[in-house]
Amino acid sequence: MTDRNPRTAEASGLYTYSSRPRAVACQRRRHRDSILQPVEEPMSYGNIMYDRRVIRGNTYALPTGQVPGQPDPLELQRQQQARRRALARKRAQEQLKPRTPEPVEGRKHVDIQTELYLEEIADRIVEVDMECQTDAFLDRPPTPLFIPAKTGKDVATQILGGELFDFDLEVKPMLEVLVGKTIEQSLLEVMEEEELANLRARQYAYEEIRNVELAEVQRLEEQERRHREEKERRKKQQWEIVHKRNETLQKISALIFARQYLANLLPSVFDKLRNSGFFYDPIERDIEVGFLPWLMNEVEKSMEHSMVGRTVLDMLIRDVVERRINDYEHKEAMPPGQKTNVINGPNTVTDPSVTTLHTQKPVLDRVSSQPAPSQERKPVEEGGHLMAE
């Protein structure tokens, strides 16, 4: 409230102001305001299936909160949506921003400087070398002695001799007390040192006894370990002896049984194997496998050569006989006056060797076409009969 009295204002020389008192409005609404004044805003609806306050699953299980250190998935989704909206808004602003039209065909846009002062743009930046020398490190000055500030006042008092007490009279009891306390403290320290020495000696004796007992315990443990190892070794050795004895007995019994079983079986088996050809004489087998096949091949080759020679000879004989037969038939068909000229003429050749030589080549050509020598002997025999006639 403003002070309206000018005299008071002039007397004080200050400007004062005080506000009018008013009641403070209640910030909290009453629960019946909504009933008295219904809200006209539309009610917002939500799906409780996506409400995080609704517990799903087993109702007996304790609700587990968010694991510390892991981000909230809803918060992450909200941040991603906000980031997406910001990117979309930025793209829309870039599209709405006025741009330079596209250059004409054959030209291109070039960036130029539009500032007031031109600046040279080079590939290499201008570099300038500068040096600066710092001072050497100075020794740290000594720390000044800390003197606390005075908190009281200095007052001086003068005491004359004999005003407080008589030195000879009052110092003697004090001195006796000090000397007595000093002697008593000295005695206590000496007794403490003796007690510590006794404790140290007793501790040393106990340590000696403990070391002896530990050595004895180690000896007994080592002895027990050796006894246990010896026992295990003896048991293992005895088990090996028993195992070997049982194995030997089994082998001996198996050997005796095998000998008894094979006593009558071996001769028959050996006889069958010998008859089957499993046991053979190496020399005889070498002759049968190596020598006899070679011998048979050589014999077959020799017989083949001899049969080829016989076949060639039979064919030669047959050709000669056929030629003779043809000559005699021709002679019988001729008149009687010409028989002598034909047979004994100057151009007549009666030597069979010449005929053989002339007909040898065609006969050799026909050897390969003849199937067998037995078939060639038949016409030869027929020719022989004709010659005999």
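Using N, Cα and C of the backbone, Cβ positions are placed for all residues, glycine too.
Predicted, not measured: the structure shown is a model, and the values here were computed from it.
Per Swiss-Prot, coiled coil is recorded for 206-242, and the stated evidence type is sequence analysis.
Helix, strand and coil residue tallies for the compositional bias 'Basic residues' (81-90), in that order: 10 helix, 0 strand, 0 coil [DSSP]. What Swiss-Prot records for 81-90 is compositional bias 'Basic residues'.
The feature compositional bias 'Basic and acidic residues' is assigned by Swiss-Prot to 91-106 (among others). Beyond the ends of the compositional bias 'Basic and acidic residues' (91-106), by six or more residues, the same chain brings no residue to a C-beta distance below 8 angstroms of the stretch.
Residues or ranges marked as compositional bias 'Polar residues' by Swiss-Prot: 338-359.
The compositional bias 'Basic and acidic residues' annotation in Swiss-Prot covers 375-389 (among others).
As annotated by Swiss-Prot, phosphothreonine applies to Thr143. Secondary structure at Thr143 (phosphothreonine), taken from DSSP and collapsed to helix, strand or coil, is coil. Of all the Cβ atoms in the protein chains shown, 6 others lie within 10 Å of the Cβ of Thr143 (phosphothreonine).
What Swiss-Prot lists as region 'Disordered' is 63-106 (among others).
Here Swiss-Prot flags 332-389 (among others) as region 'Disordered'.
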**Item:** Confidence summary (mean pLDDT) of the coiled coil (206-242)
**Value:** 95
